[in-house]
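Positions annotated as signal peptide by Swiss-Prot, on the basis of sequence analysis: 1-50. According to Swiss-Prot, the feature N-linked glycosylation site maps to N69, an assignment based on sequence analysis. Annotation comment: Swiss-Prot describes C82-C135, C165-C249, C191-C244, C196-C207 as disulfide bond, evidence class sequence analysis. The annotation Ca(2+) 1 binding site is assigned in Swiss-Prot to D95, G206, T214, E216 on the grounds of sequence analysis. Swiss-Prot lists Q177, D228, V229, D231, D301 with the feature Ca(2+) 2 binding site.
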Amino acid sequence: MYGIEYTTVLFYLISFVFVSYILKTVTKIMDFIIYRITFIIIVLSTLSNAQNYGINLPITGSMDTAYANSTQNDNFLSSTLCLYYPTEARTQINDNEWKDTLSQLFLTKGWPTGSVYFNEYSNILEFSIDPKLYCDYNVVLIKFTSGQELDISELADLILNEWLCNPMDITLYYYQQTGEANKWISMGSSCTVKVCPLNTQTLGIGCQTTNVATFETVADSEKLAIVDVVDSVNHKLDVTSTTCTIRNCNKLGPRENVAIIQVGGSNILDITADPTTSPQIERMMRVNWKKWWQVFYTVVDYINQIVQVMSKRSRSLDSSSFYYRV
């Protein structure tokens with residue numbers, strides 16, 4: 001009887017030792033596998049980061065995520081550039097392959113084929129209403145035309161800054177501007193804006209609220225007018241509503257991914273003197289007028305210097321939305 005008990009105890013003891021040995025062996029094997037896999041992953045990760053040139057990334061528009069390039073200093077490999085030009089340029093060049101030619105020339109300056117977009121507009125009015133500034137960098141070419149200096153200057157103020165606007169019902173309400181950043185922006189084929197300042201009794205100051213002929217004219221037959229009046233004073237407005245709209249807008253700050261190149265003209269239009277323009281950084285420049293080919297060649301030559309005074313936006317931005325936001 002005692003022999004059987006000793007045999008049973010010995011059997012369990014040997015089994016325990018054997019199982020312990022198996023578990024230790026399995027643990028060593030698993031540790032070896034885990035360490036080896038971890039080492040391989042670290043080595044492969046290091047090698048893959050060193051080879052991440054980013055050249056094969058598809059560039060189809062502004063990207064929400066900025067793709068960092070650890071081995072390439074050229075910032076334009078992951079950027080998009082939009083070039084806006086008047087219809088006159090395409091008509092004068094009269095070459096079906098002119099955009100391809102310019103794309104190849106931009107390539108010599110570090111802008112890959114497919115990263116530069118050419119956008120045509122017919123006139124200042126059309127462009128101011130719906131500019132569609134979608135790219136990381138947006139360069140607008142504006143041909144200087146005598147008699148349109150004011151429209152061009154106000155277009156520059158419009159697209160070089162971000163605005164938050166609300167509709168105005170001038171038939172029911174009086175309006176006042178609350179500060180230097182608060183303007184009334186009027187757009188249309190022909191905008192004439194008249195105002196009548198009011199005192200605390202809502203009586204006209206130097207004008208009669210019931211007689212539009214006595215109102216003060218602040219914009220006359222303009223396509224685009226940014227109206228500035230005395231702050232904190234109520235005004236009754238009269239606008240050519242059949243050909244024009246007007247909105248109450250606040251300037252939020254500079255739109256730093258936009259630059260304007262004035263083509264021709266004796267002097268460059270300067271909007272930096274406006275106290276609401278902050279910071280006072282010039283993003284308007286002028287090139288001499290010769291032929292449109294010469295203008296585009298100049299832009300290609302200096303494009304990298306131009307974007308140095310701009311700030312890249314990593315997301316698409318429809319500039320026209322500023323005018324219709326409520």
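In case you wondered, yes, glycine gets a Cβ from its N, Cα and C as well.
Annotation for the recorded positions C82, C191, V229: lowest Cβ count within 10 Å of the residue's own Cβ, V229. A helical conformation is recorded for T214 (Ca(2+) 1 binding site) in the three-state DSSP classification. All chains included, 23 other C-beta atoms sit within 10 angstroms of the C-beta of C196 (disulfide bond).
Between the candidate binding-site residues, D95, E216, the densest Cβ environment within 10 Å is the one around E216. Look at D301 (Ca(2+) 2 binding site): DSSP puts it in a helix. In sequence order, P197, T214, E216 are the residues near G206 (Ca(2+) 1 binding site), counting only same-chain partners six or more apart with C-beta under 8 A.
Cβ neighbours of Q177 (Ca(2+) 2 binding site) (same chain, under 8 Å, six or more residues apart in sequence): K183, W184, D228, V229, V230, D231, S232. Looking only at Cα atoms, C191 (disulfide bond) sits nearest to C249 among the recorded positions C82, D95, C207, C249, D301. Summarising the environment of C244 (disulfide bond), the number of other Cβ atoms within 10 Å of its Cβ, over all protein chains shown, is 21. Summarising the environment of D228 (Ca(2+) 2 binding site), the number of other Cβ atoms within 10 Å of its Cβ, over all protein chains shown, is 13.
Secondary structure from DSSP puts V229 (Ca(2+) 2 binding site) in coil.
For D301 (Ca(2+) 2 binding site), the spatially nearest entry among the disulfide-bonded residues C135, C165, C196, C207, C244 is C135, judged by CA separation.
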